[in-house]
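Student: What TrEMBL records for this protein is below:
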COMPBIAS  396-412  compositional bias 'Low complexity'
COMPBIAS  429-442  compositional bias 'Low complexity'
DOMAIN    61-76  domain 'CCHC-type'
DOMAIN    224-240  domain 'CCHC-type'
DOMAIN    251-267  domain 'CCHC-type'
DOMAIN    275-290  domain 'CCHC-type'
DOMAIN    299-314  domain 'CCHC-type'
DOMAIN    345-360  domain 'CCHC-type'
DOMAIN    368-383  domain 'CCHC-type'
REGION    382-442  region 'Disordered'
């Protein structure tokens, strides 16, 4: 039979080829309906967010089945119980769910740990530790570490000093809560990183002491409120005032304005491949012949818009040479001859001469003494002159030593090498009276 029967489920027709078109239209209609629903839901959520009136609960409480309040505010609500032991204010050891851990003998589980240590595979070692802990529940970290050292394992159990979050708890293999140290698995008994040296135990003995009060991080299974930061409840049942959170604003990538997206922008579309300086499509910004535009540029110096930092009006004047007024160097690096017309006298503050050539009387109020550090006098006129044994000799203090003119009155040299001069007359006074000893040679 040559006639072809239509398939109602697929939407195919027997006379013409309109089936795929009908199916596509159905899919498009379903997509548009879903989009409209999402938009309507967003509009409803936005309207509810902007509502200033408090939300009124109109349902029934699922605890007491009374109207007027939710279950979080129910006065008959029972106290929260521990998810671990189903008791209120639980402090018992944690009960682990080990149903997913395979059952093996202690010898077989230890062989798994030995193999992982020989292969230096930490992932297999962690899984093997769970198997060994299930096979031998009373084994502690101290006993396991001692046994590992006896058999020269390549992996070490190190108890580190580490702060954990308040939603986590350090629990040992027996379920003890709130341990002090966290157990880590390492290939060396010494810290290999600098940031671990402060938290690392100083000796193997201290490591064993720490392992007695060490555990692995687990979830505390106590809710934490994201509104007030307290433990024991969530933000839905928080009694504190709601903290307003800053919402992320929407910014248009076309006009850089906030409040709408590019698909809703009324400004003409800009060409992303055009020059960012002049907007031309014939070249890039790196090849633009026009001067750089400061439109939309924020100054890094004054944080104002419309100019660059090098053109900032609030910028201090550039350093210039005091000799030639050039901005390329300073006065000490100037290669031109000194211009006296730019020199300022330190004595009278006038321009055109140095202080050593100043015609005016010296102003001692500007002079600082090098001895006492006070202003108004020099070292020669310092009232607090140093002691005689400490005072240096010479012209600096205007105290030239006095010599006997008769002794140095153009006499020829006379020394022990006998240069031809006359011999010096020995002093007649003895050494005790200030004269020279006759036995001493001149």
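Keep in mind that glycine also has a Cβ here, set from the backbone N, Cα and C atoms.
Note that the coordinates shown come from a computational prediction; the quantities given were computed from them, not determined experimentally.
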Student: Which of 224-240, 275-290, 299-314, 345-360, 368-383 has the most Cβ pairs closer than 8 Å to the domain 'CCHC-type' (61-76)?
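Tutor: When the Cβ pairs under 8 Å are tallied, 224-240 comes out ahead.
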Student: What is the number of residues in the domain 'CCHC-type' (345-360) that are helix, strand and coil, as DSSP sees it?
Tutor: 3 helix, 1 strand, 12 coil
Student: What same-chain residues lie close to the domain 'CCHC-type' (345-360): Cβ under 8 Å, and 6 or more beyond its ends?
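Tutor: For the domain 'CCHC-type' (345-360), the sequence-distant neighbours (Cβ-Cβ under 8 Å, at least 6 residues beyond its ends) are 366.
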Student: When DSSP states are grouped into helix, strand and coil, how many residues of the domain 'CCHC-type' (61-76) land in each?
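Tutor: Secondary-structure composition of the domain 'CCHC-type' (61-76): 3 helix, 1 strand, 12 coil.
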Student: Calculate the per-residue pLDDT averaged over the domain 'CCHC-type' (368-383) and state the result as an integer.
Tutor: 86
Student: Just give the helix, strand and coil counts over the domain 'CCHC-type' (275-290), going by DSSP.
Tutor: 3 helix, 0 strand, 13 coil
